[in-house]
Ligand code: DX5
Ligand code: ZN
């Protein structure tokens, strides 16, 4: 069963509590929280106090996507706030295995994120232990960008590696997901779909969530 993860980057920040409640009523499965530091990506989003406020309002699980250098920095804080999943970019640290284990040691699911240019083979030795792989289908940093089709092969490749070795990691996709690209990604093997601008700009969120589930 495909899960839908609204990216709160596209929510109304002046009415975050209402958007959270409405998206939950619309059938969203997990909230996706984009943390940007202005260093790893050329944008700054929001930080710990906002994550804490979201955690207090939300009743579905939270997935934190770290677009930061030194991704191991605030893992205890996220765990303390009740975050369920934390992903970080393999390009952001020389010690991805250590960061993965750190996240898992706090009882959270650990995800490794691949930028559009990063091949699945670069994380081959993390795949037996990782909980999910997030395939970026845009360059990270901004919502509302166009889906990069060449990333679909990467989803397929990861799905193939998963089947071949019997691994149980999930595949998440993020960037440019709409009714058309959602189906392409799930067919290729993705089970977790992040959607920001498409979902939040839809007139009927319940229908939009259902349509993405296919
Ligand atoms: C981009 C973020 C995404 C973003 C997706 O750096 O990681 O989560 O919010 O937004 P859309 O769905 O608009 O591409
Ligand atoms: Zn994201």
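For all residues, glycine too, the Cβ spot is worked out from N, Cα and C.
The model shown is predicted, which means the values in this text are computed figures rather than measured ones.
Residues 32, 34, 174 are given by TrEMBL as divalent metal cation binders; from 65, 89, 198, that same site also lists 65. Apart from 32, 34, 65, 174, the residues listed for divalent metal cation, the same chain places the Cβ atoms of 5, 7, 9, 33, 63, 87, 134, 194, 196 within 8 Å of the centroid of those Cβ atoms. In sequence order, the binding-site residues near residue 174 (active site, proton donor) (Cα within 10 Å of its Cα) are 7, drawn from 7, 141, 197. Between residue 141 (substrate binding site) and residue 34 (active site, proton acceptor), the C-alpha separation comes to 9 Å.
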